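> Structure below; questions to follow.
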Amino acid sequence: MKIHYLLFAFILVMLSPLAAFSQLINSPVTCMSYGGSCQRSCNGGFRLGGHCGHPKIRCCRRK
């Protein structure tokens, strides 16, 4: 039974740094500071970089 606690602690420690690197852009200020613009859809030479505070408004950055 003790091995389960050790295994859980090991997995928790190994996965905790990944949460910091998986966050997307979440505000218009952050989007613009990364060189993006807030639009309804990312077309052409733009790619999705996150959202601008609302799920339907996307932060689009050049590819």
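Every residue gets a Cβ built from N, Cα and C, even glycine.
These numbers come from a predicted model, not from an experiment.
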> According to the record in Swiss-Prot, which candidate from Cys52, Cys60 pairs with Cys38 in a disulphide?
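That would be Cys52, the partner Swiss-Prot lists for Cys38.
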> According to DSSP, which kind of secondary structure is Cys42 (disulfide bond) found in, if we only use helix, strand and coil?
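Coil, per DSSP.
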> Are there residues of the same chain, six or more positions away from Cys38 (disulfide bond), whose CB falls under 8 angstroms from its CB, and which are they?
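Sequence-distant Cβ neighbours: Pro28, Cys31, Met32, Cys52, Ile57, Arg58, Cys59, Cys60.
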